[in-house]
Amino acid sequence: MPSSTLPHLVKITGHEVRTLGPGSAPGGLWTFTLPRAHSASRPPATEGSQHHEGLDLLSPLPGREGLGSPYPCQNHHCKHGKVCELDENNTPMCVCQDPTSCPAPIGEFEKVCSNDNKTFDSSCHFFATKCTLEGTKKGHKLHLDYIGPCKYIPPCLDSELTEFPLRMRDWLKNVLVTLYERDEDNNLLNEKQKLRVKKIHENEKRLEAGDHPVELLARDFEKNYNMYIFPVHWQFGQLDQHPIDGYLSHTELAPLRAPLIPMEHCTTRFFETCDLDHDKYIALDEWAGCFGIKESNSDTKQRLRHSGMAIRKNRKPLRWGRF
């Protein structure tokens, strides 16, 4: 497939998906906010909290006006599929959300497909359903596979798998260059990142974005190898967040993987092949190797020192989604 089939997804921060693409808002940047887990009768929750029925999180509890005490659930974070409620002692606790309380989907783009090939109306409906199955074998195996309604995903041929990292590597480079060109007040890149991308942007040898044959992409990688190192590491850093430990779990990989699968049918197989030791985690050196970045590269070693100080121990195997 041509590189143009790769999606415009570039960064996910919390619930916000930042994308780039033609027809977007002025400057080429627009955002799509994933549905938050709250009931239809509740207003959207503030960041890091969930709303309780009929109460304003910014107001004191009834009877405590003037005491300056915020609603206990205001700063009580619940994971996807759960909402905050108060027990008999007025202590906040997370409970499974009723799937029927999820907001009605606006369109097809809100639907998601699980790894058991079932379409859910939204991510809210999926995570609420998964929560109700906690402690069961079915719930343990259930994962969000990709964004969009379930559909037939054709097998990934060996020849297509070989082309995938070439196109994705070029895409990551172009994403960073585009962010650099359009990042004025959006703060999409920090100052250190801007300096790194500036060198790529100003390099006269840079292959401009376009629908290039894989042969050209391969030659450009050989000629301008150093230009591709930072984009590959940058994407790893965007995903390696919970915790920052030099490994990508199934959950950490999902923001990149889930939107890709409907458009790039080799996505699942590609990430499976990256996991060389089959421990269900992708280490930084495995990630870099998948894109042809040498393990001995000094940038890789430096990134490992900064990201791998708290390497996860006793890691439990995670299940990859349906191919």
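Using N, Cα and C of the backbone, Cβ positions are placed for all residues, glycine too.
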Original post:
From 14-37, 38-61, 230-253, which range did TrEMBL mark with region 'Disordered'?
Top reply: 38-61
**OP:** Name the residue from Cys266, Cys274, Cys290 that TrEMBL records as disulfide-bonded to Cys156.
**Re:** Cys266
Original post:
Among Cys84, Cys94, Cys113, Cys124, which cysteine is annotated in TrEMBL as forming a disulphide with Cys102?
Top reply: Cys124
Original post:
In TrEMBL, Cys73 is listed as disulfide-bonded to which of the following: Cys78, Cys84?
Top reply: Cys84
Subject >> According to TrEMBL, the disulfide-paired cysteine of Cys290 among Cys150, Cys274 >> reply: Cys274
Original post:
Measuring Cα to Cα, how many angstrom lie between Cys84 (disulfide bond) and Cys290 (disulfide bond)?
Top reply: 41
Original post:
For the domain 'Kazal-like' (95-152), what is the mean per-residue pLDDT, to the nearest integer?
Top reply: 95
**OP:** Out of Cys113, Cys266, Cys274, Cys290, point to the one nearest Cys131 (disulfide bond) in space (Cα versus Cα); all of them are disulfide-bonded residues in the record.
**Re:** Cys113
**OP:** Pick out which of the disulfide-bonded residues Cys102, Cys150 has the most other Cβ atoms within 10 Å of its own Cβ.
**Re:** Cys102
